[in-house]
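These features come from Swiss-Prot:
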- 42-132: region 'Disordered' (REGION)
- 48-61: compositional bias 'Low complexity' (COMPBIAS)
- 79-90: compositional bias 'Polar residues' (COMPBIAS)
- 115-126: compositional bias 'Low complexity' (COMPBIAS)
- 156-158, TRP168, ASP214, 263-265, TRP276, LYS318, ASN323, 667-668, PHE743, TRP809, ASP839, ARG842, TYR849, ASN896, LYS969, 989-991: substrate binding site (BINDING)
- ASP778: active site, nucleophile (ACT_SITE)
- ASP895: site 'Transition state stabilizer' (SITE)
- 1140-1248: region 'Disordered' (REGION)
- 1149-1196: compositional bias 'Basic and acidic residues' (COMPBIAS)
- 1205-1218: compositional bias 'Low complexity' (COMPBIAS)
- 1246-1250: motif 'LPXTG sorting signal' (MOTIF)
- THR1249: pentaglycyl murein peptidoglycan amidated threonine (MOD_RES)
Amino acid sequence: MRKTPSHTEKKMVYSIRSLKNGTGSVLIGASLVLLAMATPTISSDESTPTTNEPNNRNTTTLAQPLTDTAAGSGKNESDISSPGNANASLEKTEEKPAASPADPAPQTGQDRSSEPTTSTSPVTTETKAEEPIEDNYFRIHVKKLPEENKDAQGLWTWDDVEKPSENWPNGALSFKDAKKDDYGYYLDVKLKGEQAKKISFLINNTAGKNLTGDKSVEKLVPKMNEAWLDQDYKVFSYEPQPAGTVRVNYYRTDGNYDKKSLWYWGDVKNPSSAQWPDGTDFTATGKYGRYIDIPLNEAAREFGFLLLDESKQGDDVKIRKENYKFTDLKNHSQIFLKDDDESIYTNPYYVHDIRMTGAQHVGTSSIESSFSTLVGAKKEDILKHSNITNHLGNKVTITDVAIDEAGKKVTYSGDFSDTKHPYTVSYNSDQFTTKTSWRLKDETYSYDGKLGADLKEEGKQVDLTLWSPSADKVSVVVYDKNDPDKVVGTVALEKGERGTWKQTLDSTNKLGITDFTGYYYQYQIERQGKTVLALDPYAKSLAAWNSDDSKIDDAHKVAKAAFVDPAKLGPQDLTYGKIHNFKTREDAVIYEAHVRDFTSDPAIAKDLTKPFGTFEAFIEKLDYLKDLGVTHIQLLPVLSYYFVNELKNHERLSDYASSNSNYNWGYDPQNYFSLTGMYSSDPKNPEKRIAEFKNLINEIHKRGMGAILDVVYNHTAKVDLFEDLEPNYYHFMDADGTPRTSFGGGRLGTTHHMTKRLLIDSIKYLVDTYKVDGFRFDMMGDHDAASIEEAYKAARALNPNLIMLGEGWRTYAGDENMPTKAADQDWMKHTDTVAVFSDDIRNNLKSGYPNEGQPAFITGGKRDVNTIFKNLIAQPTNFEADSPGDVIQYIAAHDNLTLFDIIAQSIKKDPSKAENYAEIHRRLRLGNLMVLTAQGTPFIHSGQEYGRTKQFRDPAYKTPVAEDKVPNKSHLLRDKDGNPFDYPYFIHDSYDSSDAVNKFDWTKATDGKAYPENVKSRDYMKGLIALRQSTDAFRLKSLQDIKDRVHLITVPGQNGVEKEDVVIGYQITAPNGDIYAVFVNADEKAREFNLGTAFAHLRNAEVLADENQAGPVGIANPKGLEWTEKGLKLNALTATVLRVSQNGTSHESTAEEKPDSTPSKPEHQNEASHPAHQDPAPEARPDSTKPDAKVADAENKPSQATADSQAEQPAQEAQASSVKEAVRNESVENSSKENIPATPDKQAELPNTGIKNENKLLFAGISLLALLGLGFLLKNKKEN
């Protein structure tokens, strides 16, 4: 059945409609069309219609990364430039619009539109009526809401508000109730009282998206009661001005503005140029006195000015003799001047710049105070206006001060040896009581002895050590092994050296316990009259944890630790792994998997002998990963995490849900030594999880693979987890000594000695106890580089084959005003130990934060060819990598949409349609090929190999639903016509979703009859991994080696390759002399690659990858490519890998093209079953001596095996030169998960890409039609 007109048909219709002159015109038009058909194309098949026109319509809202980033990744923390708003002791004058300026005769060529706002008489600006702000309320103005439907958006508030928002996301203050003025919407928030200083907020929607990132505003003065968000959601204490304008406000206490003016210069459109001193008058009246609006140049940064009183003469005309200079036009659109004050203020409250903002006791001879700014500060002035007293009120002599202008801090020197009591520091009117800094505790209490609970003597004795230097008393509360809620007894610990507390539990403690194994405990800490129950940070196992009980009482707020001896549990033959095909980090192929996801598919329930979702069940499916060929399995966090009920881990989550699920990725850590009970067959048994995890690692090692643990040291689930142990120490700190937070937990301060020690001790324990083979650091850029490097060295001392990688986003916050080198992407040029993920290759190949879902290289978006090439050779453009092993090459991970889903979103094609489903898989295979043939270390997300999706296939969500019903963390996907997909919701961050969303779909991964495309993609990746491991060509070990051995073929500007394009080709010479070439055509039409003379030797190559399969052996009848006179032509959405062996012959046997419908049956294979050792098959290679020799014949006759398979699956392997032709004959999954029969088009009906020789008849026909048409026209003319 015909669906769309062909290119030829379109031309005929155009001819008919254009000529409109009777039958003769029609005939002439037809002859023109036939003439066009006879004209050959040159470098690409232009006659093939493009099926996916560019469409820039954005139909989705991107989630905030947790990366981004992030991205990556986490929430944005935005610092206010000038918090708050206007309401000082100034007269409250309603703003009215300035009167039109009296226009003098314009000067020739002068742009009057860029003149400052002024007038000849005082006027007021006018705004739409705005309700007065009630006492104890704070008004937040929003220029523009992030989304159109204001009723589905709200203001989520916390900190010094009367009632912090609860019940995410619906507990926010709804914009449904917002008022509107000339600026935009506004909401009033009630504060918790006069002491309120900080208001924090964000705008979210009912789907649970944080649309703006976290924002906060500090009240500069008590009467400050409003703030504004601009269009980018930056917070200001004044109403932001339109872009390209700065408003200069001038307030005079005497109210006399007569002849007061401004003379200005710098980055302004029209600097003052009249006769001196005729400046621009202050005539417009606003909230803060008089003002002048000055148009700015593009990208303006600074401008200078003078305040003038034109009633005076000579130099006295200057109100201040010195020039004013403002250098922050990038961040401020209003400035505030007062009388003859020398300061330029960026807030309407005239708060002096140099203000103390906090004080910390940092050492026995030093106190450090933070300041709003120290620009221009003089040592003698700081000394003169500073004062320090001890807790008795006695003045302490300041012997010296050191000013750190960049860090905005002053260090006072003196005798501050009293470490038990705070000091009071004042500067002018600002006064702060010191907080004990972590630096003072490091100097006084840092400890390197043993910590935690050591079970000894067959369980008869426990040695306890806790570090808590500020505690007044510490006891251990022991709970019954069979009932963790039952207290057996309490034993006091004794104060030890350097802030430690110690005790030995045995038969003398009168607890009545002869064997402490399996009993539980918590620490009870008393400090300054307050008592807390805390979890031992060095606990080796825990009681079954249920976060739902955390609000019952303090005993349930954190988990209870267990007394265990891990050395005696699990397989005693566990040792470090001997990983196949792995010597250096460039050899690794990392596969990321979630323990529960991997076996939660009900389809394999009957095959499992162990409970699904557990370490034990994971073992039963390990052979799949061995068969795939990966070297390392990276497990999402397996250490104890907070928000989960482990007691219900056995319950299946079969219904579709993306919130309120008993499921977690594990990025909310509770402990860094104990495993979670979620993946244990018995969470109530604290020993079993240890034994079972050891067994999993052992089985991974037996199969020649390694295990990498995903660890989350950058933040905790709750700040109190460590603040209760020792306040103001374990976390990075603000300048005033309060802990910094992230995602609701604390940012662990790894520059602090005991925190760094916790991280390194944890890493060493996990390596030594579980024999793991690597670590992936979540948000590694949050850490200092020194700590990560030290952890790496400690781990490698135990396991020399261990590898480390992490998210190197530039997110380091650290301690305020204490910068240090971060463990981020910028660190890569200084280290060859730890690798980072490359967001550059991810974003360029398939899109990512902040433009996820936009077309990229494999989804139809042209990209800079040189940028793509640099990424493929492990030289990303956004950071410097001095070694290929520094770079983790990836296009999918657990965050955001899966690769399959992001492709569907980007190309706007509904996968429920067979041809779309096939096209998505073709693009997916392109991406996988590019990652697995790239230099560096490839990384695969579980299911990426078969096209995993997280589509929300609940029948109630088959079509779009009301906004308040939209699934949490979902994108609604539409096609390019704006029509929603069938089941249009796709979950992008599924950390709170059910098994129905998250499961690894084993049927898709392995059943080739039911899901031929999925299994083809899976087998394609398996072949790519085998190909990668068969040669050093894709695993070069140095940057110099890459420069010498890898060369770009598709040079932009040559042979039809554009600067930005969707094709790439390059050559690699392996260390053994073999030559490999990779060509990728991500275009929607066939493309030809000109080899020229420099790469003519590639005509002798064997094909290792085509559009259907890949591997280390040559393909007998490769599909999707053909040799041409100029070089190589690839079909649309096709890639290939070629090899020219050193001796000019094939390495191994040539593989026959196999039918797509052959089901994949992964088995536990030994080396003998590796494809490289298959029996030789007849080699069929193109004759490269003939210019028109084809690798894939244009007629594309199927092999016998293919022909045999077409009884079940018609029209297999049709060669295509356009996207539609490439995918029209595939069998794919429809919305009911049933197999859709292939489109019954015959291969013979596909258009020919070559030029036939029957053109003589065609030209004869053209001539006849033209003569007939001319006859009709002459007859018509004669009749008229």
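Even glycines carry a Cβ here, placed using N, Cα and C.
Structure coloured by features recorded in Swiss-Prot.
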residue : record                             : Cβ within 10 Å
TRP156  : substrate binding site             : 21
TRP168  : substrate binding site             : 13
TYR264  : substrate binding site             : 22
LYS318  : substrate binding site             : 17
ASP668  : substrate binding site             : 22
ASP778  : active site, nucleophile           : 24
ASP839  : substrate binding site             : 26
ASP895  : site 'Transition state stabilizer' : 26
ASN896  : substrate binding site             : 32
SER990  : substrate binding site             : 26
Compute the C-alpha separation of ASN896 (substrate binding site) from the residue listed as 'active site, nucleophile', stating it in Å without decimals.
-> 15
Using DSSP, would you call TRP168 (substrate binding site) helix, strand or coil?
-> coil
Of the binding-site residues listed here (TYR264, LYS318, ASP668, ASP839, SER990), which is spatially closest to the residue listed as 'active site, nucleophile' when Cα positions are compared?
-> ASP668
ASP839 (substrate binding site) in three-state DSSP notation = helix
Nearest by Cα to ASP895 (site 'Transition state stabilizer'), of the binding-site residues TRP156, TRP168, ASP839, SER990, is SER990
Can you see whether DSSP assigns TYR264 (substrate binding site) to helix, strand or coil?
-> strand
Within the motif 'LPXTG sorting signal' (1246-1250) only, compute the mean pLDDT.
-> 33
According to DSSP, folded down to helix, strand and coil, what is SER990 (substrate binding site)?
-> coil
